[in-house]
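Notes to accompany the following structure.
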Amino acid sequence: MRQLLPGDTVWRNIRLATMDPQQQALYGLVDNQALIVREGHICDIVPETQLPVSGDNIHDMQGRLVTPGLIDCHTHLVFAGNRAAEWEQRLNGASYQHISAQGGGINATVSATRACAEETLYLLARERMMRLASEGVTLLEIKSGYGLELATEEKLLRVAAKLAAENAIDISPTLLAAHATPAEYRDDPDGYITLVCETMIPQLWQKGLFDAVDLFCESVGFNVAQSERVLQTAKALGIPVKGHVEQLSLLGGAQLVSRYQGLSADHIEYLDEVGVAAMRDGGTVGVLLPGAFYFLRETQRPPVELLRRYQVPVAVASDFNPGTSPFCSLHLAMNMACVQFGLTPEEAWAGVTRHAARALGRQATHGQIRAGYRADFVVWDAEQPVEIVYEPGRNPLYQRVYRGKIS
């Protein structure tokens with residue numbers, strides 16, 4: 001019989017989907033297991049027969065399914081306002097590019113967000129965060145990018161820090177100052193990139209407000225040369241990088257981000273084989289964002305088969321934002337990734353666990369149920385992981401465990 005230490009907590013009689021690629025079974029499934037949690041981490045995984053049937057801090061899950069906590073590795077959670085009117089315009093035939101050129105798009109949200117009080121932004125973002133937590137999310141990336149000036153970018157990152165301080169969910173904050181050219185720099189995008197590189201990145205990094213730098217390399221964002229200036233600045237300071245690339249056209253953004261060993265290349269609908277090979281060589285994760293593909297009614301799908309062939313890890317995220325993916329649901333994103341992009345349900349699960357952890361640089365501590373990893377996991381009223389992907393309108397979450405505590 002396995003001896004437990006004072007303070008240990010046990011979840012026994014579980015069906016465990018470890019998402020450990022070293023396990024032979026689909027989803028890393030093993031039955032009749034028990035998790036021993038100690039000081040917020042998984043201490044051990046043992047057959048339940050090795051543990052007492054009952055006792056203090058022993059939770060009998062009656063055969064329920066347990067998976068790693070979900071990870072949403074790409075969100076724009078902190079913003080004010082909405083862009084419902086733009087959606088109507090698109091339904092009537094206007095393109096995303098046309099709306100952006102008319103001062104809509106990202107800059108419309110920038111105006112609303114700049115005018116919004118920090119406390120109001122916090123309350124809006126907190127409600128969104130808790131919606132994701134209710135689906136079993138335990139690690140969440142939050143980008144800035146709706147300030148496009150030093151003061152408001154800092155305000156957004158302070159909101160992310162305040163959310164993290166609640167200890168309800170892990171937050172990975174990302175500086176996305178290179179999201180769009182603000183109205184005041186409309187005729188001088190290079191001048192805005194200078195502001196990003198010489199002021200925003202170094203000052204906000206010095207304050208410890210973000211973990212990585214992101215950018216939007218696209219015809220409605222920044223060109224390759226401008227994007228490279230951002231990457232060079234970040235890497236010179238030792239900051240991890242990532243990028244929104246190849247969403248609406250093929251500019252070579254994935255190759256660029258991969259050349260700087262980017263954590264991830266996101267969207268990638270127009271990615272070509274050269275870009276896929278570069279991602280493999282750079283150790284860059286491909287992040288699929290099916291919500292934006294759906295909402296923009298795009299037709300160019302990411303090259304999933306090429307990503308498989310080159311063994312590029314593929315993550316899936318909600319891309320929750322007011323303009324192109326107003327879906328605050330990672331379950332829905334998983335379903336869309338399967339239906340629209342052809343992922344298998346197991347690939348979708350890998351995309352919101354171990355591959356999503358890699359996209360945030362957290363692969364050594366998050367995204368799998370393994371000894372030594374963080375005790376972030378979810379107990380489901382389900383028999384198979386596929387059920388969560390199959391029926392996104394139903395949430396079978398039974399229990400969410402964060403840092404070893406039921407939350």
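Note: Cβ is positioned from N, Cα and C throughout, glycine not excepted.
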Same Fe(3+) site per Swiss-Prot - residue from His244, His366 joining His74, His76, Asp319: His244
Listed co-binder of N-formimidoyl-L-glutamate (same site as Asn321, Gly323, source Swiss-Prot) among Tyr146, Tyr185, Tyr192: Tyr146
Residue in His41, His179 which Swiss-Prot records at the 4-imidazolone-5-propanoate site where Arg83, Tyr146, Gln247, Thr324 also bind: His179
Shortest C-alpha distance to Tyr146 (4-imidazolone-5-propanoate binding site) - which of the binding-site residues His74, Asp319, Asn321: Asn321
Among His74, His76, His244, which are recorded as binding-site residues, the nearest neighbour of Thr324 (4-imidazolone-5-propanoate binding site) by Cα: His76
Of His76, Arg83, Tyr146, His244, Asp319 (the binding-site residues), the residue whose Cβ has the fewest other Cβ atoms within 10 Å: Arg83
Asn321 (N-formimidoyl-L-glutamate binding site) - helix vs strand vs coil (DSSP): strand
Those binding-site residues listed as Gln247, Asn321, Thr324, and which of them has the most Cβ atoms within 10 Å of its own Cβ: Gln247
Cβ-based neighbourhood (8 Å from the centroid) of the Zn(2+) site, residues His74, His76, His244, Asp319 excluded: Thr75, Lys143, Asp266, His267, Leu289, Ala292, Ala317, Phe320, Asn321, Ser325
